[in-house]
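Notes for the one structure printed next.
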Amino acid sequence: MTTAPPPLSVLLELTHRCPLACAYCSNPIALAALREEMDTAGWRSLLEQAAEMGVLQAHFSGGEPMLRKDLPELVAHARALGLYSNLITSGVAGGEPMLDQLQAAGLEHVQLSVQDVDPAGADRIAGYRNSLPKKRDFAATVRARGLPLTINAVLHRHNAERVPGMIALALEWQAERIEVAHTQYYGWGLRNRAALMPSREQLMATIEAVDTARRELGDRLAIDFVTPDYYARQPKPCMGGWGQRFVNISPRGDVLPCHAAETIEGMRFDNLRERALADIWNNGEAFVRFRGTAWMPELCQGCPKREIDWGGCRCQALALSGNAATLDPVCERSPAHAQVRATAEREAAAPAPEFIYRRPERPAPATADTLE
């Protein structure tokens, strides 16, 4: 039995149910049904095991975590265990009563997704009507309660020019931080890649907009920026390194090294109903497979950045090359690098196809009762 340093944070994907139908959704193609979700006792046990391991942060996500009626109980349990609690939400499924319960339970931070500052654009990408006003009202409710707020703004070819407006919105909504992140093409988002891929010119404009805002705003607003991998020369480290800093729990209780790991066919993922979290983290097949550097191909082994980017993203290597154990094709040392860049340029230059939604009818506003 081996022992790895404990993860810094655990992401609890409480449910895959969600009012939105975002074209860039990174959740798996096959979603967990309501009847498959882990029960309250299972999630409480997970939090206890995480705290015992030395985990510091618990991020409550989904789907939409506010559709779980036991969310306040789980947040309170995390607080009692000394875990920092963060809510990652769409902001359209929970109102003041739920937020009051979460604040009373000890919630410490809220991350709110914003699809666009243009109302029509926001509704189109989210597949949900009147989404932006609902998010604005939710943000006001969060700030009225004194909770710290981060805005998560996802970029693509249809909204890349509106980065200045997104930053202005974060200031108007009194957020402390905004994450301006280009779409990462995993899960359902990969199906819509051709509809979402920005041009290189759009990318450079977003970089300039972020740099300008950082200079002008100083410490008034923290701005994080994530570029699209397809135009990069160096890969990003997968979650800070596969199986090193982060652990993801699916609604079914499967323990994953990263959000998209289930796309890797043939890899076995242990479940909390059958095995303890610490044992899975230290010895589970999925975590050991790509942890560290021993698994790396020769080109990675000789790279001075091998313990910086850790070989890049395993799920992306699979998606773009068909082999999860090879170099991330984003890396300029990869034989497939030129093909990745060509794919991005070709798709960005072509007319954007229509979005493919999980629910093809582009749903009307949903309720918890309709989201099984």
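Including glycine, each Cβ sits where the backbone N, Cα and C put it.
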Pick from 249-279, 342-372: which range has region 'Disordered' per Swiss-Prot?
342-372
Applying a 10 Å Cβ distance cut-off over all chains shown, what neighbour count does Cys25 ([4Fe-4S] cluster binding site) have?
24
Cys22 ([4Fe-4S] cluster binding site), Cβ-centred 10 Å count of other Cβ atoms over all protein chains shown, is 24
Provide the number of Cβ atoms within 10 Å of the Cβ of Cys18 ([4Fe-4S] cluster binding site), excluding the reference atom itself.
23
Once the DSSP letters are reduced so that anything not helix or strand counts as coil, what is Cys25 ([4Fe-4S] cluster binding site)?
coil
